[in-house]
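Chemist: The structure is given below, and queries will be raised subsequently.
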């Protein structure tokens, strides 16, 4: 493991600790359970799960560090020159599914890949981002989420937030439904256009921004009253989350194709979901407004003006 990889690993382990501590404090009841694991083909990780809390119905904050002699197809398909290289992949990935339909589901991920081949320069890149999936939309929450994202990106250039915001909107799109998974945030991958130190600093800025972006929303919404009908709608919308993760998500595909730990990879799935045949929201309802207004590619910073 190189000095660079050691620095990334130390940051990611600390990030996992800090996020878990903040979420436990906010929940006020449940605690994370850690499951340390090793990967027979090389590497391992720390899976931390939380559930049946006062706020969090199910969540996980995972750290993994895996390595192998060749990249799986999901990682090399869009960069065929990497085929046959040994690799190391480190990351923290998290998903939080709250009980209350008024509290959005959140997802965040930061990761580092390095691919090496004897006699050639190592190829490295960073990836990550965070995105929000509301069930009952709130403009203030969307604006806050994107404002934190913009602030995290600002030191790295005025074009960074709009570029990675647009990439997030494009990436988290459920093609067979022709709708976005949520209201977006940031997404970046294959990041090596800056030098290593700047790229690493950017990954840290995004990782550190997650709690600042999410917890104020949780605090505002966690005590809101909700009905059984609203809970059913939350479970219906969770079905879209499952569809995206199992069909399109690059991290899920990479994990399964590289012989990753199935329990950790599928940790992102919600605990209760429902599907209804050709279900449609009642016109003019809050449920209809979710798709008509909130689940659109929108400039949320402009919405605050």
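Numbers here mean position along the shown chain, with the first residue as 1.
In case you wondered, yes, glycine gets a Cβ from its N, Cα and C as well.
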Chemist: Check Swiss-Prot: it lists 109, 110, 111, 259, 260, 261 as binding substrate. Then name which of 93, 268 it lists for that same site.
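Modeler: So, going by the record in Swiss-Prot, that would be 93.
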Chemist: Please report the number of other Cβ atoms within 10 Å of the Cβ of residue 107 (divalent metal cation binding site).
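Modeler: Within a 10 Å radius of the Cβ of residue 107 (divalent metal cation binding site) lie 26 other Cβ atoms.
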Chemist: So how many other Cβ atoms are close to residue 261 (substrate binding site), meaning within 10 Å of its Cβ?
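Modeler: Residue 261 (substrate binding site): 21 neighbouring Cβ atoms within 10 Å.
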Chemist: Using residue 93 (substrate binding site) as the reference point, find which of the binding-site residues 107, 146, 176 has the shortest Cα-to-Cα distance to it.
Modeler: 107
Chemist: Whole-number answer please: how many Å between the C-alpha atoms of residue 109 (substrate binding site) and residue 146 (divalent metal cation binding site)?
Modeler: 16
Chemist: I'd like to confirm something. Which of the binding-site residues, 97, 107, 146, 176, has a Cα closest to the Cα of residue 259 (substrate binding site)?
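Modeler: If we rank 97, 107, 146, 176 by Cα distance to residue 259 (substrate binding site), first place goes to 107.
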Chemist: Please name which of the binding-site residues listed here, 97, 107, 146, is nearest in space to residue 260 (substrate binding site), Cα against Cα.
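Modeler: Minimum Cα distance from residue 260 (substrate binding site) across 97, 107, 146 lands on 107.
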